[in-house]
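In what follows, a structure is listed as structure tokens, so that the remarks can point back to it.
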Amino acid sequence: MVPSIVVMKLMEWLWYHILPIPCHRAARRMRNCTKILQKNQSFKSLHVQSPFPSIKKCVLEGRESQTLVCDILGALLRTDSFFPYFMFVAFEGGNIFRAFLLLLSCPVLWFLNFELQLRAMIFISFCGLRTKDMESVSRAVLPKFFLENLNPNAYEILSRARSKVIFTSVPRVMVEYFLKEYLSVDAVVGTELKTSGKRFTGLICPSGLLLKHRAVEEYFGEKKPDIGLGSSSLHDHPFLSFCKEAYLINKEEGKRSSGIQVLPREKFPKPVIFHDGRLAFLPTPMATLRMFIWLPLGIALAIFRLLLGICLPYKVAIPLGTFSGIRTRVELSSPKSPEKESRKGVLYVSSHRTLLDPVFLSTSLRRPLTAVTYSLSKVSEFLSPIRTVRLTRDRTRDGETMQRLLGEGDLVVCPEGTTCREPYLLRFSSLFAELADKIVPVAMDTHVTMFYGTTANGLKCLDPFFFLMNPRPSYYVHVLEELPRELTCAGGKSSHEVANYIQKQLAIVLGFECTSLTRKDKYLMLAGNEGIVRNNK
């Protein structure tokens, strides 16, 4: 094992120290090309003293009856660039070629002014894009990353105001759902895009990019809004001067003091339980460049890892999988001695993170298992190294199927019925509790840095492939002790009590939160359907 560990450390050192050097040099050269422009802008701004105070001087009390106006870019978000969110549209709503084209445009974008940058990114990201794909991205992908980049100071003032109106130059379709659904904004006024049929043309409507000061005057007329929040850019001064009170969000001031604050997850205006999309990181230009550099190696590595699980026995596959970068942490509670007179197998009840949960459990226990699932593509079923059986969502038929499988051997079931990426457990179906007395709860969790291995709108057959494309994917498997007989249906408990008890125990082990949400809730939010594939005969 010592040589494999040495080689693994060498590969990790090469990835984190050698590979970023050419990326860093290229980015440094491109930044140097813009230094003259930045110096000219900073020279002009040195002698211009802002007439508006800092946001830190804003008094929070007494704002309950007031109206607030601001922009999402430069005010509500901590990041100054909207490029990562256009990359989400290009990659998640479009395809990888559109995303690569947007990345190639970065050197040109840095030489353009704000208006031309925005027009170029809109054209590349939206030209030919279906409107329903954009709706899916704005509903299922963008909110998570908007919340993680929310400016806590601006949000605190926004939450105190009675009426909230957002004026922004970015396309309205990108931000409206998030602002109204998560921040309870009353109205969103933004740049409108042209459509032809059910697709975007990539062009802006004849009204052009939104000019905030004109839009504010047209929206409010002679009545001025009470509070205005804006960036230190001179472009925001005209619309701020129309407000009764105006405050600036100076990013440089925050960097010089204690850094830009991050809004804690527990203070999110609304918890993010469900979200979709493949990218697990904020795709800044540098991060996106790293992804495309890694992609060829990641595809080859995913195929190699996949073949390990299919072709090789556990004793060989586990060390080779560790050598390839897969990190697995296994905790096994002391199992009870099996009863010889019992003819039934053990029912493993697991939390559900990816389609690979039963495979990693089988590998951790080093014994063959049978997995039952509600939805599994034929490709995944063919490539699965363990036996898989589909369920029909008919309670009687599914119960008979699982009883038969338990008579043949050990069985693993995920009673949530679908995956969840965030630290939450969905409601457990109680069917499994009626079928077996030998129940072993299993806590599962995963961690990825580049690609998510689950999807609601994409191709599910690629879910395991995307998970294995990560540089260092990790799995946590904690097998708990067998459920005591007095806590099962045989001990007098109802099936719902057993399911709720196991859900709470797994939540405690994982540090997750229990919910009453179901698969139907997830797919209604992310995909606009109930997540059921109907057979058309």
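Positions of Cβ are set from backbone N, Cα and C atoms, glycine also.
Per TrEMBL, domain 'Phospholipid/glycerol acyltransferase' is recorded for 346-447. The transmembrane segment annotation in TrEMBL covers 85-112, 291-310.
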Residue counts in helix (H, G, I), strand (E, B) and coil for the domain 'Phospholipid/glycerol acyltransferase' (346-447), per DSSP?
33 helix, 26 strand, 43 coil
Long-range Cβ neighbours of the transmembrane segment (291-310) (under 8 Å; 6 or more residues past either end):
19, 23, 100, 103, 279, 281, 283, 316-317, 320-321, 324-326, 359, 363, 383, 385, 450, 464-466, 468-471
Please give the average pLDDT for the domain 'Phospholipid/glycerol acyltransferase' (346-447) in this predicted model.
89
